[in-house]
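Enquirer: Not my notes, these are from TrEMBL:
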BINDING   G12, T13, S14, L15, D16, G17, I18, D19  ATP binding site
Amino acid sequence: MKSGRYIGVMSGTSLDGIDVVLAAIDEHLVVQLASYSHPIPLDIKNAVLAICQGQQLTLSQLGQLDNRLGKLFAQAVQILMDRQSLTREDVTAIGCHGQTVWHEPHGEAAHTLQIGDNNQIVALTGVTVVGDFRRRDMALGGQGAPLVPAFHHALLAHPTERRMVLNIGGIANLSLLIPGHAVKGYDTGPGNMLMDAWIWRQKGKPYDKDARWAASGKIILPLLQQMLSDPYFAAPAPKSTGREYFNFGWLERQLTAFPGLAGEDVQATLAELTAVTISEQVLLSGGCERLMVCGGGSRNPLLMARLAALLPGTEVGTTDDAGISGDDMEALAFAWLACRTMSGLPGNLPSVTGASEASVLGAIFPANPLHNQS
Ligand SMILES: Nc1ncnc2c1ncn2[C@@H]1O[C@H](COP(=O)(O)OP(=O)(O)OP(=O)(O)O)[C@@H](O)[C@H]1O
Ligand SMILES: CC(=O)N[C@H]1[C@@H]2OC[C@@H](O2)[C@@H](O)[C@@H]1O[C@H](C)C(=O)O
């Protein structure tokens, strides 16, 4: 393994910020050294949201967004490097996930697109970048997602305890770390995404802090039942999804049969949808002794309480309890995946994504050895 200091960059489906993490990685250890969250300007957030909901745009507009996101990722990395007084020689590589703008894992021409020009990051920081992690897996017949289960397994698997790791981001994904079994993992469906979309439309707030609004409402059971009948929830793994499917349009269609509901009741029902779809999958997958939650949803007390209530006999906690900040897990995973690629090691798990083989992932954008030499 090419050990060293790596930086991971993640801009997820929630568009709440760009997470950047510095980690020391070797064969046995991943040590988180520092992290930083960089804001995303509102016009960029709105442009990505519009694309994910199917809005048409010109190639020029797409190219400009790719350029601006690349510069934004570069700026975020540079701030972390400056704060840590790191020079380019101190960092082996940067693993940058990019911004997913479309994910379509089915059909004759399945595809997934993460943008944010990695060349911009190399040009500004002088550090080698690894990017485009998902498309090799897709070329091998896989879903291209989720990719974090391999990292969850490397970091959090236990020899005897049945564990599952749950990321509640915009989309929620579950990793099954069951001793004696191949690692499995898939997206369970919406995490915070629908709750975020609803409170944004109703109140102009980016998210329901500490679920205060949801907690003031009551669950509308017929609406919940109807939402639960969406075929995604019963579909077998491998499966992955995104904003192209579970978006505000999806929610509006669900609400047409229920006019005039109080906003807080819809919010309470959406929180319950997230908790129920996750807990059903945990139980259907045979249950676990410990559920370790990360992602922004692990900061939502209502979601955490509902998960604990729906999963009696399971120890429900956060990955922070195991020493890994739930806010940094995904960025850390892309630092680790970059290290795998730089070391010529596979990053995907066919048992998770359905790919025909394990493969080295991504593309390497090498640092310029002539940088700053004249
Ligand atoms: N205190 C809190 N109370 C309620 N919700 C919270 C809180 N803190 C964070 N969140 C939720 O977490 C979201 C951000 O989660 P996260 O950063 O894990 O998403 P992401 O990484 O962009 O998504 P994905 O994992 O799908 O790519 C916020 O948009 C919000 O909904
Ligand atoms: C296509 C895409 O960007 N998928 C994300 C998204 O966010 C959560 C969930 O949906 C997961 O499948 C994936 O991200 C994590 C990092 C993964 O690949 O494991």
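Heads up, the Cβ atoms here are built off N, Cα and C, so glycines get one too.
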Enquirer: Say we define neighbours as other CB atoms within 10 Å of the CB. Which of the binding-site residues L15, I18 has the fewest?
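Expert: Output over binding-site residues L15, I18: least Cβ neighbours within 10 Å is L15.
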Enquirer: Got a sec? Which of D16, G17, I18, D19, the binding-site residues, have CB under 6 Å of any ligand 1 atom?
Expert: D16
Enquirer: Which residue, of the binding-site residues G12, G17, has its CB surrounded by the fewest other CB atoms within 10 A?
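Expert: Per-residue Cβ counts within 10 Å for the binding-site residues G12, G17 bottom out at G17.
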Enquirer: Using CB under 6 Å from any atom of ligand 2, narrow the binding-site residues T13, L15, G17 to the ones that qualify.
Expert: T13
Enquirer: Suppose the ATP site is G12, T13, S14, L15, D16, G17, I18, D19. Which further residues of the same chain have a Cβ inside 8 angstroms of that site's Cβ centroid?
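Expert: Same chain, not in G12, T13, S14, L15, D16, G17, I18, D19, Cβ within 8 Å: M10, S11, I40, G169, G170.
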Enquirer: Rank the binding-site residues D16, D19 by the number of other Cβ atoms within 10 Å of each Cβ, and give the residue at the low end.
Expert: D16
Enquirer: Reduce the DSSP letter at S14 (ATP binding site) to three states and note it down.
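Expert: Coil, per DSSP.
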Enquirer: Tell me the Cβ contacts of S14 (ATP binding site) under 8 Å, same chain only and six or more apart in sequence, or just say none.
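Expert: Within the chain, S14 (ATP binding site) has Cβ neighbours under 8 Å at G169, G170, N192, M193, D196, Y207, G296.
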Enquirer: Sort out the sequence-distant neighbours of T13 (ATP binding site) for me: same chain, 6+ apart, CB within less than 8 Å of its CB, listed by position.
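Expert: Long-range Cβ contacts: T100, G169, G170, I171, M193, G242, R243.
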